Structures are given as structure tokens and as C-alpha cells.
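Q: I have a structure I would like to understand better, so I am pasting it below and will then ask my questions one at a time.
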Amino acid sequence: MAIRKYKPTTPGRRGASVSDFAEITRSTPEKSLVRPLHGHGGRNAHGRITTRHKGGGHKRAYRVIDFGRNDKDGVNAKVAHIEYDPNRTARIALLHYLDGEKRYIIAPNGLSQGDVVESGANADIKPGNNLPLRNIPAGTLVHAVELRPGGGAKLARSAGSSIQLLGKEASYASLRMPSGEIRRVDVRCRATVGEVGNAEQANINWGKAGRMRWKGKRPSVRGVVMNPVDHPHGGGEGKTSGGRHPVSPWGKPEGRTRNPNKASNKLIVRRRRTGKKHGR
């Protein structure tokens, strides 16, 4: 993937850039793996906003991704196409298995049309192959990692992300997360070799607010410019600094997002660096 920069023909085009989509080999998805996707605008079943800054955006169809890959062990698959997915930053690869089934997976860096991938404990260590962590050598970069055996991939699924397998001890493997956190995971959990492709996604300059609206992202307004009825930081005569430590619109202190009493915290060897108090 490469980034194509626009010429400054309009204010919205000045500095803006876009992916060249050179790796895409097909523009229409596999019909049997597409499901309807209804936008909810960040509302719950009662119509109340539960996630702010969402709404609008282009209509999308959901591509069913195989995050498990645990029921095709020993069955080789050929990469038929590399496709665009509007629901994620990574590209997706359409696999044609030898038994005739078709499935999508997240496309790792270096995977191209015509390559052959496989899954299972005896698979080779090459990008796109899926194995249990106990069968992957230390130091290998992996993505699409499970947190629980058989639970499906949960970690390192976005464009350019990867996790390094540091080592294995007894029934746990130590992983260095993209955030720098070191975490232990059951060695029976599966992971896909390689890092996620489309790493240049992070370098795209969107150029104008309208492109964010096309993606379904609404404006994020600072609490300090609101009225007191709308936010704890609102109000005041003229410009003010808020007058208190940063809080959410509901008065909760900003930052501390992790549950200190979570049972899985004991599996975290070293926390990510946040600039805030750890363990909160």
C-alpha cells in the first residue's frame, strides 16, 4: 500500500491524502459472506445515545470474518482475492479451501493473491498461517490473537498492528502488546503469523470534516465550550479553563478506564505506559 496525496485544488484537498488501493484485487465482496448492517447512530434499544460522536456515514455491508480458524486444521486454502472492508482499517483476504468452502480472514502484511495458507499445530511459520501459541517460536510477530482458547481472535486486528511472542513458560505465553503492555495468555490460544497489513493507514490525512462524516463520525465538542447544563466544565464568563480536573460529561474523572478488581489483571506482567496512575 502507498499513500496518494491530493493537489491543493480546494481547501478540503490541501494536505489531504488517500490510499492508492494497489493491493486490492476485487471491488465486490463474496455474496455468500455478506450480511446486512444497520446503523444505530450510537443509540441503544430505547433510542438513547450510549456512544457519542456516531451517526450518519455511508451505507455498509458486513463481511463475515473467520476469527477462529480452528475447524479447518490441515486443510490448505488459496488466497483468491485481497479486498477492501469498510468496517475495519485492515484489508481482508478471501480464502478458497480445498474442500470448496470460502472464508474471509484479516490480510497480513506480505500476503498476496495466489498464496497458500493453512492452520493447525503443524503449519509452517509464515504470514497468514494460524497456529496455537505453543507451536510458535519466541520472538515471532503475530496478530489476531485469542484471549481464551477457542474464543476467536480478539487482539491485534487493526491495520499495521502486531504482537511479539516473548516466550513460553508452563501453560502460559508472554506477549508484548502494541501498547507496550506485557501480558500472559494460555498457550492453547491461537494466533496468526505476521503483522496486519495496510500499515500506511495511520499516515492518511483526512483533509476535511466531511470525510469523517462519510465514515459515520460526528464532531467531538469540548466540554469547556458548552453550557453548565451540558457539561461539568461548561459555563463561566468569557473563556475559562474549566476550573477543575478533567471529567466526563457525567462527572467521572477522566482517564481511569480499567477495572482494578478484574480477575484477569493477574495475567498482566507489565502495564502499558499511560502517563497516569497504573492499576486504576
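Heads up, the Cβ atoms here are built off N, Cα and C, so glycines get one too.
Residues or ranges marked as compositional bias 'Basic residues' by Swiss-Prot: 37-58, 268-280. The region 'Disordered' annotation in Swiss-Prot covers 27-58, 226-280.
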Q: How many of the residues that make up the region 'Disordered' (226-280) does DSSP mark as helix, as strand and as coil?
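A: Result for the region 'Disordered' (226-280), in helix, strand, coil order: 5 helix, 5 strand, 45 coil.
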Q: Go ahead and report the DSSP secondary structure tallies for the compositional bias 'Basic residues' (37-58): helix first, then strand, then coil.
A: 0 helix, 3 strand, 19 coil
